[in-house]
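Peer 1: Pasting in a structure now, in structure tokens, and then I'll have a few things to ask.
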Amino acid sequence: MSEHQAVIQTDIAKGTINKNIYGHFAEHLGRGIYEGIWVGTDSDIPNINGIRKDVLEALKQLHIPVLRWPGGCFADEYHWANGVGDRKTMLNTHWGGTIESNEFGTHEFMMLCELLECEPYICGNVGSGTVQEMSEWIEYMTFEEGTPMSDWRKQNGREEPWKLKYFGVGNENWGCGGNMHPEYYADLYRRFQTYVRNYSGNDIYKIAGGANVDDFNWTDVLMKKAAGLMDGLSLHYYTIPGDFWKGKGSATEFTEDEWFITMKKAKYIDELIQKHGTIMDRYDPEQRVGLIIDEWGTWFDPEPGTNPGFLYQQNTIRDALVAASHFHIFHQHCRRVQMANIAQTVNVLQAMILTEGERMLLTPTYHVFNMFKVHQDASLLATETMSADYEWNGETLPQISISASKQAEGDINITICNIDHQNKAEAEIELRGLHKAADHSGVILTAEKMNAHNTFDDPHHVKPESFRQYTLSKNKLKVKLPPMSVVLLTLRADS
């Protein structure tokens, strides 16, 4: 008998995996927007109306469902009117003390979303803004015609209003968004959200600024005071192997201890979702309010020689395992977790893409998103996994995790992670209810070294490969996983 056992009920769905779990986040931070996404129409780098063509095409492959902007901490010092029409510069006080040109504003962001065919998720300014400013931004974007803001939008080149589905009322108002107490922010949220009105057939999904990590009191206060006025409540949690203030650890030069600690801290998101979810259930037993994990991912020390305020870090196979582990946990909580936005899309923190001048590379995290996109809006299949332990220095974690989903046409996708940096894993999976698969295939992302990563000189060092180390006999699936690996198995429906 294999050391790892699992049962997948191929005909029992536990819920739907909201595609928005695979959302993204792009902040005016470092080279995340400028140089990363936006190069301007005068750039020698190929672009579409100022947006980098290579980055755009790569992001399209991910089927990004939703993109959060302009922050982050930047959102609570962003004054949207400076980014339309005649642009006004400002100081980005949060991230590197740089001058923000506001060249990339509302029109450019909405154009990006249209090109990506994704929903915009805009975060409004509560920390330093006003109710009127937020109200006028909504009017500018979504009112058809005949008002000062809608007429200004038309003067600036956009005739038709945009569709705006998601709007966040402030960001991290417990910290960079104003250092508020939850009671104070709850009252502000109630006030500000009143003026996030629905125009032109819009039905805006309002997201309240939620807790940092394990601040369960914040969640309790917000749900008690404002649950009926919100559609979603956010949660922020970063995977940091070290200490946030004293040293987070290197993205590439790390020890075996740090590998294990990183995996352990990644798994902590499961406990956080359960505990915040239990509080939300107290005030929202029908689970109408979504838990929106709109900032998550690894956070390491910046790369040496870069501006520390730019949060530029490399991305290894370790990051890939962190991403895959998060997705498996998000899937299991798909009733409550309705959106998640990794930080961030390009050149910042756990990025999909890194750029350097004209050059671009895809990170191991990008490849996980690309492999896992098959789970978007699919039915989560009931799965029970009996994993052997991944042991390190007297501590243990489950060595493997498995998630399975079924698409509308009947194809079944199974993703498996082996987080052990040293040991392979052999798993035996019973596929109950499976009669026959017309075809099957496998893809694997792995590496020989735990700090393996892509560079501009070797951009394909870590990439997905065809995977054949498995057998399927009737309804028995046997899989051999190397250390540090993420596998996707697809069983195509017999038509």
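One is the number of the first residue shown, and numbering goes on along the chain from there.
Cβ from N, Cα, C; glycine included.
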Peer 1: Need one residue: from E27, E35, the one Swiss-Prot lists with N171, Y238, E295, Q344 for alpha-L-arabinofuranose.
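Peer 2: As annotated by Swiss-Prot, N171, Y238, E295, Q344 share the alpha-L-arabinofuranose site with E27, chosen from E27, E35.
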Peer 1: Which one is it, among the recorded positions E172, E295, W299, that lies nearest to E27 (alpha-L-arabinofuranose binding site) by Cα separation?
Peer 2: E295
Peer 1: Taking only the residues the record lists as binding alpha-L-arabinofuranose, namely E27, N171, Y238, E295, Q344, what is the largest Cα to Cα distance between any two of them, in Å to the nearest whole number?
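Peer 2: Of all Cα pairs among the recorded alpha-L-arabinofuranose binders, the widest measures 16 Å.
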Peer 1: When you average the Cβ positions of E27, N171, Y238, E295, Q344 for the alpha-L-arabinofuranose site, which other residues in that chain have a Cβ within 8 Å of that mean position?
Peer 2: F25, R68, G71, G72, C73, H236, D294, N341, A343, L349
